[in-house]
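Peer 1: For reference, TrEMBL lists these features for the protein:
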- 213: active site, proton donor (ACT_SITE)
- 358: active site (ACT_SITE)
- 462: active site, proton donor (ACT_SITE)
- 481: active site (ACT_SITE)
- 583: Ca(2+) binding site (BINDING)
């Protein structure tokens with residue numbers, strides 16, 4: 001009798017649960033259980049009839065795992081499991097419908113007074129870092145914000161490339177920050193900083209630096225500051241410096257000449273990753289470099305060539321881009337992340353959007369915008385198509401349909417199969433690039449995913465494992481990529497949601513990264529010495545422990561984009577002329593003179609691989625290619641509440 005009682009009890013329990021589900025979802029008694037939330041993010045596997053209209057229906061590729069073997073994205077075939085109106089079954093997304101108005105209440109408006117307050121906070125953040133750098137660190141390269149002292153190259157440990165690739169003993173932070181001073185409207189300090197650079201900086205140093213870092217941080221800033229000093233059409237008012245004789249341009253030219261040996265003695269034309277500023281390529285230099293490092297030189301080198309009338313710099317940079325492009329997979333059209341510069345063999349076969357590859361894609365589009373070279377746009381179009389075909393997972397539409405939210409994963413360049421389950425913080429730049437290319441809807445979705453990670457940790461871990469819902473690499477060095485994408489999305493949509501994102505980032509940095517004080521014990525007495533010297537790298541995004549380093553991009557990019565986000569009336573936004581930001585956030589104009597060359601085509605016999613298709617329609621390189629967001633969308637969430645709640649769950653926020 002006891003076993004019969006147990007059976008009857010189980011039947012009653014089953015019927016009770018079925019009734020509850022029928023009332024809640026219209027599912028009926030045909031229910032089985034298969035919850036699989038936390039490890040795989042395969043929410044479609046909830047076999048509550050939430051993902052399929054019937055048991056016999058075909059499971060479509062609308063999840064990250066189902067497309068993990070590199071199946072191509074087909075525009076002609078919907079990847080969304082759409083629920084018919086007459087169907088009694090409801091979507092699994094209904095699980096995230098609860099209390100959806102909380103998102104509307106939080107994000108639908110942003111008062112002008114609050115915007116002004118955030119603008120002031122961003123300005124104060126910049127000056128707290130900049131003033132302390134000038135007080136405690138200059139002329140060294142960086143500020144150690146905890147010890148309140150300067151940092152230069154690690155001379156005792158030449159193999160410490162984390163430091164030595166970036167720091168060249170040339171006042172890096174001061175140079176990298178020049179145009180930010182103008183963006184903040186401080187012409188007086190800009191003039192003083194320019195004078196200091198002219199009077200104190202020399203590149204005749206026994207320093208071995210990474211070509212990529214020296215290019216984007218130093219060369220790009222010198223060129224930007226020179227243009228802003230001399231271009232009568234710039235938007236910042238009277239900023240001309242009395243007695244200025246193109247010294248910044250001469251410094252830029254000198255540095256570029258010292259970087260040129262990296263392009264010599266390579267079988268492929270792809271440059272060595274490092275040079276010594278005095279002696280050239282070190283004898284023990286490796287023959288491997290990353291795609292972004294070798295292929296992200298064209299903007300700065302190209303502008304320099306067109307400013308001084310010497311094609312050499314653009315020629316070597318463009319040759320490197322072409323060489324990398326010609327090594328892409330014939331099957332997928334993807335590139336790897338590490339290549340041998342002598343053999344042209346891929347050492348790293350991972351293809352993604354983050355570290356090692358990010359700015360390669362960015363500079364294909366920005367080079368076209370600046371120089372109007374059609375081959376740059378052809379390469380970008382083809383690269384973007386391959387990215388959508390092989391890296392993008394999730395539902396087809398950002399704001400409609402079923403399945404996991406869109407995400408770009410790391411795959412094998414030759415077959416499109418997934419290689420790991422992490423994404424890195426550098427990939428957060430990609431929504432900004434999508435805005436520039438006109439794909440605003442996809443930008444909205446990817447940005448929302450990174451913002452959810454930020455909300456969980458108050459920072460972006462260097463790597464986040466989307467399957468385990470946990471960081472793989474825990475530090476955050478004050479990177480700007482999420483802020484940059486937030487700023488560009490706000491410029492494209494004017495949606496107050498992005499002002500809230502910026503405020504969250506700003507307040508998190510102020511709370512978690514600002515160095516407030518240090519305590520020292522002397523004998524039996526406790527002495528508290530105030531050491532408020534800047535903002536520090538987060539060593540651990542969970543416990544918020546710090547590392548004693550403030551990288552130059554915090555002032556040149558992170559603070560700049562935060563300030564511009566809240567400064568609607570900034571001259572950059574009011575100018576009749578158009579500007580673009582380099583990958584280091586330096587301001588350069590979209591200027592007709594950069595589309596005029598004083599030399600003939602550099603590769604007249606190499607057009608086969610990039611032959612122009614007759615069907616291509618070229619967007620004007622100096623105008624926006626954006627599908628404008630309708631005005632009514634500005635007063636609604638950019639991403640529907642149900643999808644925002646879904647993403648929050650997927651990163652472990654609840």
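Just so it is clear, glycine is given a Cβ too, placed from its N, Cα and C backbone atoms.
I'm curious about the neighbourhood of these features; can you describe it?
Peer 2: On its own chain, residue 213 (active site, proton donor) has 165, 166 as residues at least 6 apart in sequence with a Cβ closer than 8 Å to its own Cβ.
Remark: residue 358 (active site) has 292, 426, 427, 429, 430 as non-local neighbours, by Cβ distance under 8 Å and separation of at least 6 in sequence.
Counting every protein chain shown, the number of other Cβ atoms lying within 10 Å of the Cβ of residue 462 (active site, proton donor) is 21.
Contacts of residue 481 (active site) defined by a Cβ separation under 8 A and a same-chain sequence distance of 6+ are given as 425, 426, 427, 428, 429, 432, 460, in order along the sequence.
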Peer 1: Residues with Cβ closer than 8 Å to the Cβ of residue 583 (Ca(2+) binding site), same chain and 6+ apart in sequence?
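Peer 2: Non-local contacts for residue 583 (Ca(2+) binding site): 216, 220, 296, 299, 359, 362, 363, 366.
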